[in-house]
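Read the structure below first, then the notes.
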Ligand code: WTA
């Protein structure tokens, strides 16, 4: 049975426990429906009320939604605020000043904590340091840092002075980093000497050096280095500065710079269906608002919670649910430097036990790999740990299959904790479809219902809304405050990618397929409709990997497709034509290895193809178009049942069937 079939037939329903419902921010389905009704009756009024109640404005807004230049929507445009003040300064006067903001656990299990007052001080010093380097409101700053208090402080420091940050995940290569620095026009790069992960020291600063040496990064004036491990680095006296030297002697006060509601808080690059990553641009006020509301509604955050989102700050989940949402709502959170399998695959459960975590948010890939590990070694099975502190679980990044859901529910949540299967994207800024833990009856494998104010629907290719039970394109019909504002430097691509004319030009196209249950109307996500893969919850464009492969001088042509994988969701399968004769056996293996390493260098290790198959050619139509749907079938080692009569060169299929 395919995943989709098993989702469709999923009949199990799990109600939120009564104790949870009684204390929840949104308690019961009536409360959920009341909020939805409020949004429906007065859409702008609904959002305006929430924006007034949740954000501390330095200048109140009078305008609500501006649709005059759709799809370049604006929210609360004449209001002013500072996002960092909303995350930190507000806690200095509301009784949270001495509350722990972050419990940091290093790779080697050293724990340090920081209160809101101390974090405020650290961010102010960092911000003053950046100012002393000449960084100003509107400048872009690239952050290439490990999971750390400093990484979060770096983002907050940018927000404090109105600089737009662009965090690049530490697993991206020098070339990827260089492209992002150039596209963003960054004036500074904030990095660390090394990052410690899984007992290893991985260089960051030397990758920054390599990125800048590739050329074209003339806007970069300074590189700031956080000393994490103390390992050797090259140091350019004119350009480089240690973070501790930068902040030494800086004042612990830094007045937050007020910015307009629409001021770009950050740009985050993500994969699309063409070779070039898209710089997703987010606003300040609308984004902040939704990060706070979803912390309250979906994570039901309470003053005594110990909250842990395992995502890296290099991804959107780490932005909204590590750097902004938890701090703005005054939460105590765990920040973890390492990996789930070091020193063993019980690390997550050990940390939940030691820190008495109450809310735990991770990706299905992690769950699936920990299921495997627990099956293989009973010492790292969650039943060896005391997980009774947990009250709520979350899942993000990819569809969670019902089996993994059930395991998570039983073994981690003790059948006591609701699971929020949160569907969202880099572009949506925060959760858009998710169960509310104190309201929504849960069905394994379904992200259930849109959050209040989110007008999600399923349409066909012409934009016509489809009835329940019919699969189609997932859209959001009305603009909402935390949505993507633009693609940095590419407004045309923004319009084309997300607001295609076929759908009327103003409806947000998510890029995922979805289907609603006939009876309940619950949404299930059926996967991307474009050439974007989801590997371990990380987005990767097939075109990006293809252009990396063909950039290698020995490669003539390449086509990349996704193949289902039990643990990582999907894995990358590449079909390659070389400029020389087709290699076989040992030689093919050798060249495949070289090409894998090449892709790691071009994009990053996360983009390495699992499998590379060589052919004399690729299956093409007579007009020369590569038939990817056939390649997808071949990658899965399934028989081809489709019509291949339009194929120019059917014989090639036999050749590609053989692995390598
Ligand atoms: C997928 C991550 C099913 C989806 C926050 C989306 C999901 C892409 C879920 C965005 C979920 C994310 N169920 N699929 N709960 N959450 N996705 O931009 O394909 O890294 O379009 O944002 O991940 O990935 P991104």
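Heads up, the Cβ atoms here are built off N, Cα and C, so glycines get one too.
TrEMBL entries are annotated by machine, without manual review.
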According to TrEMBL, which candidate in 377, 512 joins 397, 398, 399, 421, 422, 423, 424, 425, 426, 528, 539 at the ATP site: 512
Residue 555 (Mg(2+) binding site) versus recorded positions 424, 528, 625 - nearest by Cα: 625
Neighbourhood of ligand 1 - recorded positions from 197, 199, 536, 555, 625 with Cβ under 6 Å: none
Residue among the binding-site residues 550, 555 whose Cβ has the most other Cβ atoms within 10 Å: 555
Three-state secondary structure, residue 536 (CoA binding site) (per DSSP): coil
Which of 200, 397, 399, the listed binding-site residues, has fewest other Cβ atoms within 10 Å: 200
Averaged pLDDT, computed only over the residues in the domain 'Acetyl-coenzyme A synthetase N-terminal' (32-87): 98
Maximal Cα-Cα distance (Å) across residues annotated as binding CoA, namely 197, 198, 199, 200, 317, 536: 24
DSSP-assigned states of the domain 'AMP-binding enzyme C-terminal' (544-625) in counts, ordered helix, strand, coil: 28 helix, 27 strand, 27 coil
